[in-house]
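Peer 1: Copying in the features that Swiss-Prot gives for the protein in this structure:
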type    : residues : note
DOMAIN  : 98-184   : domain 'PDZ 1'
DOMAIN  : 193-279  : domain 'PDZ 2'
DOMAIN  : 421-501  : domain 'PDZ 3'
DOMAIN  : 536-606  : domain 'SH3'
DOMAIN  : 662-837  : domain 'Guanylate kinase-like'
LIPID   : CYS5     : S-palmitoyl cysteine
LIPID   : CYS7     : S-palmitoyl cysteine
MOD_RES : SER28    : phosphoserine
MOD_RES : TYR58    : phosphotyrosine
MOD_RES : SER65    : phosphoserine
MOD_RES : SER307   : phosphoserine
MOD_RES : SER328   : phosphoserine
MOD_RES : SER360   : phosphoserine
MOD_RES : SER365   : phosphoserine
MOD_RES : SER406   : phosphoserine
MOD_RES : SER414   : phosphoserine
MOD_RES : TYR505   : phosphotyrosine
MOD_RES : SER528   : phosphoserine
MOD_RES : SER530   : phosphoserine
MOD_RES : SER553   : phosphoserine
MOD_RES : TYR732   : phosphotyrosine
MOD_RES : TYR737   : phosphotyrosine
Amino acid sequence: MFFACYCALRTNVKKYRYQDEDGPHDHSLPRLTHEVRGPELVHVSEKNLSQIENVHGYVLQSHISPLKASPAPIIVNTDTLDTIPYVNGTEIEYEFEEITLERGNSGLGFSIAGGTDNPHIGDDPGIFITKIIPGGAAAEDGRLRVNDCILRVNEVDVSEVSHSKAVEALKEAGSIVRLYVRRRRPILETVVEIKLFKGPKGLGFSIAGGVGNQHIPGDNSIYVTKIIDGGAAQKDGRLQVGDRLLMVNNYSLEEVTHEEAVAILKNTSDVVYLKVGKPTTIYMTDPYGPPDITHSYSPPMENHLLSGNNGTLEYKTSLPPISPGRYSPIPKHMLVEDDYTRPPEPVYSTVNKLCDKPASPRHYSPVECDKSFLLSTPYPHYHLGLLPDSDMTSHSQHSTATRQPSVTLQRAISLEGEPRKVVLHKGSTGLGFNIVGGEDGEGIFVSFILAGGPADLSGELQRGDQILSVNGIDLRGASHEQAAAALKGAGQTVTIIAQYQPEDYARFEAKIHDLREQMMNHSMSSGSGSLRTNQKRSLYVRAMFDYDKSKDSGLPSQGLSFKYGDILHVINASDDEWWQARRVILDGDSEEMGVIPSKRRVERKERARLKTVKFNAKPGVIDSKGDIPGLGDDGYGTKTLRGQEDLILSYEPVTRQEINYTRPVIILGPMKDRINDDLISEFPDKFGSCVPHTTRPKRDYEVDGRDYHFVISREQMEKDIQEHKFIEAGQYNDNLYGTSVQSVRFVAERGKHCILDVSGNAIKRLQVAQLYPIAIFIKPKSLEPLMEMNKRLTEEQAKKTYDRAIKLEQEFGEYFTAIVQGDTLEDIYNQCKLVIEEQSGPFIWIPSKEKL
């Protein structure tokens, strides 16, 4: 990548970019501008016009109008504006609105998706609003909403046009833009007050939603998702699936988190007053309409938790023929576009002790009845129980992701105080969990679940479970050795009776922690043990790898987990194997102190691992998770720089420095261009771009110092490059282009983060120039998230993008400020914003010359 500046486009010019990390190559004319000026400009993405995704913009006012929850999009297609579509014979009501926007200094302030060439919702060719940019013209006006469908731009019909045609229409609409949009008519509500009396099965209903866990995209409300047989809600008969909970007793449920709603419901007395909103419009069998309030839930699966003779639980399942679900949040394929990604799957909570049937499926995808079904619980379930003071616990289970249509059923398992049967089949990793306990009759507890192991995949065990028996062998009073022997000799199929005991386990953990602290203090005071303290040494380091204390079996005392990029205050580095440390937080040192592996220990284990990999693995083999085989199995997620086998990344000595400039930002890896787009669009007052240099002659419409710094002498620019005055430079069509240190400094000293589109080599050059950038690497988890976030990528393109990212980490891993991972673009974007906020200064940690 030869150009560092991240800039917007003029309407008649394409942005120059050698290569987008997650899209096709663009070898168009190199033409960068400094900033967007005048109403004729629109901030667009980096791709060719035919590939442009977004129409971003903003106005200069600081007031941001609050965005209201938008109705969910619907799968319809209207041939004309006069035709009202029908879904399954039911009329769907729309409202139409003409919205006039005055284009701000940089555009209209919203993003779009869809078109005849890339439908956003099903087969609907419409152009849909996917994002309202805070502070932009659309947000200030307040009328345009996410999921609005644009039918006309001024006098141009865009109801059935390609994506690029819609973008072109918006770009050429002038400074005053009239949008004619269609949206689904809002659902009217009737507010009802319901008085419930808690019975032996609690309140007897399930909820979903809340701030940060939206059940319906754009809506933070708490919704009823299931009515439990025999519960108070079913006996009363008025509460229905799809009802919106407004108040519980005197507590409002508007704009609360899911956990807050659960806590409010849990802490109620025997008499509970609910205020609920009921939808007054019924959409019959429209799967995209609101809930059908005529039924508590869809026809149930024959899916029961049965009580065994000994009080344990047996699982039994049979499936009825598939029929469309009565209520469905937005299906996955409706949220597929580059700028907007779906929120995380919502958490569901059950307000009763034990569900006799699983929660109703959220939606069905079209499948043949003879296909196999995926039976899993992708969401944590909270069971609020039989007893008023029963504990609320969570349980989650992994579900297998598949790109093919599948049916997901929810399974409710009681984890509170009731013994339950768990059947596991040993795999190559054994049973996949660790145990602790067995002293003084305190019991045997599950302390760790190995990711991907049999226990993890079953979802039936969790940390804090007490193991009561194994294949009929009573372990309630067993020692640790007896329990380990019973599990080891249990054969391939192991039947476990487990009971969730979070309070007992917490007391046990506290006891162990105290014992470890005593051992630590004794070894330090006596000079014996595994920690030698002949010469106490203190320093600050930046972690260059991830460390999980729960996976390190060699710990002599309480460990301290950390992530790549964390700053650690090493209090005692005198021991060859183990150091004592605290994690440094914004306000100083963390209270938590623990043991971490020393630099020597990390490097020794990594070299041993590399020898094993070279012996066992084929050259260049990388597994589906992007890890070299064997990496991190013992908790050490260390890395070795490619081509530098002697340089193993462990810890980097750092020192704290005060800066008087705003740090440049370099984002590397897949999706970096979209993250850069959103940062500049959402925070135009905080992020900017610099003006590049070129030896190309100036064109008539260009302004020196705004579009480029035009260098008269090629010899002079070559001399400046040799003198390291440029962080990155290259040649295109016999002309030199590059970004100078001075251009970056100009932006940084004026209080803006300079967004730089550069290679990893520029990080070190900026550090040498005393402009320490915030360098964030976006590390893909696997191919699947890449293809989910960019639906246009083929598997081959995704593989190339993935491989480029792995090489990028191997080459420049030592220079990254942070590494972020996520399943959605929104998740990655939020993590990047958090890193930038935390690393902005004025006090930052920079590499020091101290030797470890």
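Glycine is treated like the rest: Cβ placed from N, Cα and C.
Each of these features: where is it, how hidden is it, and who are its neighbours?
Peer 2: Model confidence over the domain 'Guanylate kinase-like' (662-837) stands at 92, taken as the mean pLDDT rounded to a whole number.
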Peer 1: Look at the modified residues TYR505, TYR732, TYR737 and tell me which residue has the greatest number of other C-beta atoms within 10 angstroms of its C-beta.
Peer 2: TYR737
Peer 1: Compare 193-279, 421-501, 662-837 by their Cβ pairs under 8 Å to the domain 'PDZ 1' (98-184) and return the stretch that comes out on top.
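Peer 2: By Cβ pairs under 8 Å, 662-837 leads among 193-279, 421-501, 662-837.
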Peer 1: Going by DSSP, is SER553 (phosphoserine) part of a helix, a strand, or coil?
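Peer 2: Coil, per DSSP.
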Peer 1: To the nearest Å, how far is the Cα of TYR732 (phosphotyrosine) from the Cα of TYR505 (phosphotyrosine)?
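Peer 2: So the Cα of TYR505 (phosphotyrosine) lies 65 Å away from that of TYR732 (phosphotyrosine).
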Peer 1: Report, in whole Å, the straight Cα-to-Cα distance of TYR505 (phosphotyrosine) from SER553 (phosphoserine).
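Peer 2: Taking the Cα atoms only, SER553 (phosphoserine) lies 20 Å from TYR505 (phosphotyrosine).
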Peer 1: For a three-state summary based on DSSP, what are the helix, strand and coil counts in the domain 'PDZ 2' (193-279)?
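Peer 2: Breakdown, helix to coil: 14 helix, 38 strand, 35 coil.
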Peer 1: Across all the protein chains here, work out how many other Cβ atoms are within 10 Å of the Cβ of SER553 (phosphoserine).
Peer 2: 8
